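The following features are taken from TrEMBL:
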type	residues	note
COILED	303-330	coiled coil
TRANSMEM	337-360	transmembrane segment
DOMAIN	403-618	domain 'Histidine kinase'
DOMAIN	662-777	domain 'Response regulatory'
MOD_RES	D709	4-aspartylphosphate
DOMAIN	809-908	domain 'HTH araC/xylS-type'
Amino acid sequence: MIKTKAFLFFAILTLCFSCTNDDEKKYRIGFSQCISKDDWRKVMDHEMIVEASLNEDIDLTIFQANEDIEIQKSQIETMINDGFDVIIISPLRPDPLVSLIEKAYDKGIPVIIVDRKINSQKFTAYVGANNIDVGRMAAKYIASQNKENISVLEIKGSDNSSPVIERHLGFHQIINSDPNVSINYSIKEENLPQRLPQILDSLNIKPIHYVFGFNDNIAHDAWKITKSKATESSIKFIGVDGLNGENNGIQLVQNGVLSATVLYPTGGDEALKIAVKILRNEKVDKNNILNTTIIDFRNAEIMKNQYDKINKHQYEIESQQEKIKLQKQTYSTQSNILKLLLGLLIISLLLVVFSIYSAYSNQKKKRELEIRNKKITTQRNQIKKIAQEIKISNEAKVNFFTGLSHEFKTPITLILSSIESLSENKTLKDNKLSREVGLIFNNSKRLLRLINQLLDFRKIEDRKFILKASETNLIKFSNLIFNDFKREAQKRNITFSIETDNEDLNLFIDRNLMDKVYFNLLSNAFKFTPNNGSISIKIHDIPEINQVKIHFKDSGIGIPTSEMNQVFSAFYQGSNNNKSSSGIGLHLSKEFVELHKGSIEVKSKHGTEFIVTLYKGQAHLSTDEIVYDPDIIEETVLSFNDGYEDEVFLQNQPTQSGDHYSILIIEDNLDLANYLHGKLSKDYHIHLSDGSDAIEKAIETIPDIIMCDINVSGSLDGFEICKTLKTDLRTSHIPNIILTALNNKESYIQGLQSGADLFLTKPFSFAILQQSIKSLLYNREKLRYYFINNIHKVDTEQNFGLLEQDFISKINKHIEEHIDNSKFSVEQLAEHLNISRVQLYRKMKAILGVSISDYIQSRRLEKAKHLLDNTSLTISEIAYATGFSSPNYFSTSFKNKYQKTPKKYRSNT
Ligand code: FRU
């Protein structure tokens, strides 16, 4: 619509302005003038200009050659090339211009020659007077004087132009036929100043009665020279041209300077008239000869008056023309304005019509849109409502299934753990029941995996996964999973291999998630590869791009090409797959790999190949995605009866057997509590609590390990119990394992905040639990060893320990204060520390592995040793100063510790 408006506007404007160009010249006439300086030529130019101005469609251009033949040539060339419609030439000389004039003529351009002639007939028209007649008239005027022996001086023009030649010819024709007149002298204009004075000096030899100058200027010049010789009264002067105006022919005749002048019209107006006729396709004569006449004292006056009148008329015409021109301009401007206004008026009218139409159609459209909008809004609200209902219902369903899945975990753990116990029963291994138990185990595992996948899917959907990547040897990690599938491969005679080009490849991976990816890709491979087929894992280190590619290739049924781009979509089931599957395994694998900023791709040709690409190093991960103390893999993929040895977690083997250790299990699920009790009581002394008396039990028993469920009976939950125990001096040193079904980031963080040492999610493998207990005890032993060996640093070292450091410091300080008191007792120390004697004993044993009484003794002996080294006190003085009841008892104790008696020790140092 806007386009149409613009087009209309411009069309009308163009129309208006195109009308304003109606005085445009239609024809171009060019005139090349050979001489510029004298009046005769100026009159010729002026006549042309006046004549041209009478014709509105004529555009006249006058070119001045200034007596330069080369300039005149180039002017003609220009007029030809610029497409002038008629060319008028007043030639300087008869020959040099011929070829150019003929060229123009041959091209069809009309050519008019004025005044001087050229040596060619190839032109359209000639305009000029007959110069032979001019010569004759001058001669006849002299002869008409009817005197005898008239002597004449002829002064010719300097060039060889046709007027010079022809005037001379005509003049001589008449003089020669008259016996009374003779031309005694004939000179050229250029020689006048030099020759005329000589001639005047010899007048007594050859007299002169008449001087004939070839134009009025020459005759006037001759008069001036003669006058200067004071002989002017006897000689008469005749010129040619007869122009009106000061110092021109007619005035010179009136003044008596010239006796006569032959009128020689310029032909400027005539030449232009002929040009116009040609342009109007009217017939013109080739030779247009202008009239001449003799002007002397008899008609000079009349001629002058005639010319003055003509000039006056001319002037009036010109001023009229100027006025007309001005009026035309005014008219043209006004007419343009009028047209413009008219145009604008039309545009305005059109716009008004258009606006009315637009308003009408807009109104109509608006109404339609409003109706449509209303419909859409109603529909949208309905859809929104339905979507909301669906969302709520979906959410409820998903929450129900998620909750149910969580609920499934505890019973499955119990089933799995019970089966693990059954499997250890030697008699079972030999009997037929073993296979069925194996079946139960494997299917329970499968069920567990499916539940976990379901929960993982939910977590991925909710974007709740946070990567917990730790530095892992990829080959060892891969080998562990590889081993899990070996038996299946053997059973089905599948060639199953793993290879790598770099054994020492350490990658930051979330072991739990990557375990799931491996498991998924391998169990898929095993599912779709027929017996006797092949499956391989190939690990390629590509250092140039800082990446590792893991290829999982099988010789299975493959994936149809048309479905390749869907394999990672949730709930995808291959069209050629008739085996049951959840359809989320590959989707989860992709999500897990992408959480590692890696990628997974699939190729299918003679089987299927999945390629997992992972980055090396840790630059691609954020700091909160990296952990230095990785979780134990939540779930193993072991089959029943597989030997489980997780190399990753075998590095810290406890040095002592578990016999001496005690564990407090805080669990209100009786089945689980009994199960754990039954399993662990073989190696550990077990205390049980349902949660209601957890704190009391812990303080009372000071166990070596506390295992605590989150949801337990009593007022405190597992986190709070853990936190309370960790901040109590009596129990702060005890490693705490939190067992829970809550597998989410928040619970994990809460567990860490409560000070838990380990966070195990249900269902857990008993083997892993057992191994975790051993590792924690081993770490405790290491810490204890460190404490013992660095006991002297306890008061100074900054990072020695938290509550424990404080505890030991307090003990040391109190012992130091009472070191000389042989009656200082453990009870006294316990009382000072505000704990019971048994608690003090257990705490010391747990931290330093020594009894408190041994510790007091050891502090006394260390002090004694120090006094032996640094003082001259006697041995018995030192014995009493360090709280020994007798010097003998001191000596025996000292020897027991340092293998020397105090006396020997001092003498040696
Ligand atoms: C002017 C003039 C006239 C003469 C004519 C001949 O330039 O010399 O006086 O009549 O040219 O071409």
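Keep in mind that glycine also has a Cβ here, set from the backbone N, Cα and C atoms.
Since we're looking at a predicted model, the values are computed, not measured.
Only residues 6 or more beyond the boundaries of the coiled coil (303-330), in the same chain, are considered here, and those with a CB under 8 A from a CB of the stretch are 23, 50, 53-54, 242, 244, 250-251, 254, 263, 295. When secondary structure is read from DSSP and collapsed to three states, the residue listed as '4-aspartylphosphate' falls in the strand class.
There are 24 other CB atoms within 10 A of the CB of the residue listed as '4-aspartylphosphate', with all protein chains counted. Residues belonging to the domain 'Histidine kinase' (403-618) score a mean pLDDT of 84 in the model.
For the domain 'Response regulatory' (662-777), residue counts in helix, strand and coil come to 50 helix, 24 strand, 42 coil, using DSSP. Summarised by DSSP class, the composition of the domain 'HTH araC/xylS-type' (809-908) is 74 helix, 0 strand, 26 coil.
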